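Q: My questions all concern the structure below.
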Amino acid sequence: MRVSTRAPSGDCKDVTSASCPVTRHNGHVTDRRPPWALAGVLAGLAGLATSYAAAMVLTIRESPVVAVAEMVIRLTPGEAAERAISVLGHFDKPALVIGILLILLALFALAGRLAEKGFWQPMVVWFALAGLGLGAVLAQRSAGLADSLPVLIGLVTWVTAHSALNDALRRERRRPDLESRERRVFVMVAGAISLAAVGIAAGGRVVGAGRRHVEASRRLLRIPGVTRRQAPVATSVDLAGIAPWQTPNEDFYLIDTTLAKPTIEPQDWALRIHGLVDRELVLTYSDLVERELTESWITLNCVSNEVGGGLVGNARWSGVRLADLLADLGVSDQADAVLQTSHDGWFCATPLAALTDDRDAMLAVAMNGRPLPIEHGFPVRTIVPGLYGYVSATKWVVDMEVTTFETAVGYWTTKGWSAEGPVKIASRIDVPRSGDDVEVGDVQIGGVAWHQHTGIEAVEVQVDGREWERAELGEVPSVDTWVQWKVTVDVPEGDHTVRVRAIGKDGATQTDVVRAPDPDGSTGLHAIEISAS
Ligand SMILES: Nc1nc2c(c(=O)[nH]1)N[C@H]1C(S)=C(S)[C@@H](COP(=O)(O)O)O[C@H]1N2
Ligand SMILES: [Mo]
């Protein structure tokens with residue numbers, strides 16, 4: 001008896017053609033669509049699994065799917081979001097994530113079906129989805145490049161797994177007579193990919209659980225007198241668009257050489273102080289917080305910051321003064337440096353004088369009244385007012401050797417950056433933004449200026465080649481923080497350049513000589529272009 005050659009959908013003469021969904025041999029009709037769609041779904045799930053595992057292992061942030069969900073929430077108009085939340089109750093976020101996963105499954109299947117048509121068709125789906133994931137991940141607060149890795153790893157997995165499965169399917173199509181054996185190849189490849197994906201996701205979860213545990217200890221940690229809110233002690237300059245005087249932890253810039261941030265439980269942390277001291281010390285976390293705690297507003301900045309750049313922030317740091325600690329241990333006269341090492345193996349050499357003079361160099365345990373965020377060095381980091389981070393601000397610090405600059409070098413010093421890193425005076429225009437159109441007449445210009453441990457005496461602004469005009473400064477608690485400033489200038493019609501310069505409390509004016517950050521910090525004046533009409 002002849003079996004109908006009518007396909008479940010459509011009819012085709014050449015059952016081996018790429019567009020034919022039906023194969024016919026030995027009198028059987030087999031719909032080929034499910035394997036193609038299945039290949040797409042399996043490959044997509046494998047991609048999701050590795051991206052999830054990568055997110056767990058590399059960062060403490062959410063996986064790309066959750067990032068997309070959060071972006072959807074952010075982009076949903078308030079009213080619609082509220083209605084959805086009231087309908088779905090507390091399940092709004094899981095419901096959203098499940099919804100996104102279902103849409104993803106459909107798109108994975110679509111990519112699978114498109115792969116049957118040719119090599120490049122599924123690419124549209126691959127890259128559109130990866131693009132969306134990247135967009136969502138990078139739109140998160142204080143996202144860094146590392147945050148895009150899970151999406152990229154997921155994409156590579158998806159494409160590789162999909163190609164392997166499609167190869168198996170194509171071979172099958174070329175040799176319809178070998179169907180059952182080749183099917184086995186497909187089943188084996190699919191099985192291997194599924195197993196690997198489950199294994200990787202589970203592995204990521206285990207590693208991630210360790211991270212979440214440290215995050216939980218961190219959140220529950222209360223340090224008497226330290227973990228509390230406190231209003232900034234500075235008077236803010238009233239001009240929208242200037243960086244807030246106190247930088248929220250989530251917005252604080254991040255610089256380090258490690259991809260997977262160290263996760264250290266406070267009870268597992270210890271700092272060894274040794275070298276040219278009379279008495280060595282191994283300090284535990286409870287030893288540390290039982291000592292007298294200080295707090296201080298300190299602006300931290302990175303030597304790599306370009307003129308006008310954002311690698312600078314100001315926070316209230318709480319911790320133990322290093323000067324007191326080192327005095328207790330008795331430091332040898334020969335020493336002039338402290339070689340600091342972090343849990344992740346990063347190291348820097350810090351001028352001893354900056355750790356023993358009257359400034360508030362400290363082993364910090366809290367930032368803005370919260371235990372240090374993991375990525376900012378939890379549970380303990382060093383903060384030294386007046387020095388760039390690369391020679392001083394060791395996150396996850398576990399070792400301090402009192403030594404000399406003759407023998408000690410830091411990680412960045414070995415790469416050609418200068419050994420001692422005193423911060424340079426700098427100023428930045430935050431409003432208006434370069435390229436803005438403004439109205440002719442009075443224009444308010446504002447921003448921040450800093451010269452930690454020297455202090456800012458004045459800030460001046462210049463429109464084109466005119467006279468320098470003095471700005472009004474916010475009041476600050478000490479010379480260790482940045483200062484907000486603003487000034488109203490008269491701007492005639494046309495295009496203009498506005499420049500800013502700071503004058504330190506030592507009387508020195510910020511130089512206009514342009515230098516790159518390498519080897520000891522950028523110099524030059526920040527300038528913006530505006531157009532008045
Ligand atoms: N363990 C460790 N600590 C580190 C670094 C690093 O790479 N690893 N980078 C330093 C540099 S170059 C800077 S500018 C500051 C940045 O601190 P933040 O990420 O908390 O802003 O940390 C410093 N401490
Ligand atoms: Mo830095």
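Cβ coordinates come from backbone N, Cα and C, glycine included.
Sharing the features that TrEMBL gives for it:
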DOMAIN    261-408  domain 'Oxidoreductase molybdopterin-binding'
TRANSMEM  36-60  transmembrane segment
TRANSMEM  95-112  transmembrane segment
TRANSMEM  124-143  transmembrane segment
TRANSMEM  149-165  transmembrane segment
TRANSMEM  185-204  transmembrane segment
Q: If you average per-residue pLDDT over the domain 'Oxidoreductase molybdopterin-binding' (261-408), what number do you get?
A: 96
Q: What parts of the chain pack near the transmembrane segment (124-143), using Cβ distances under 8 Å and only residues at least 6 beyond its ends?
A: 51, 61, 64, 67-68, 70-71, 74, 104, 107, 110-111, 114, 150-152, 154-155, 158-159, 250-254
Q: Using DSSP, what's the helix, strand and coil tally for the domain 'Oxidoreductase molybdopterin-binding' (261-408)?
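A: Residue counts for the domain 'Oxidoreductase molybdopterin-binding' (261-408) by secondary structure: 28 helix, 60 strand, 60 coil.
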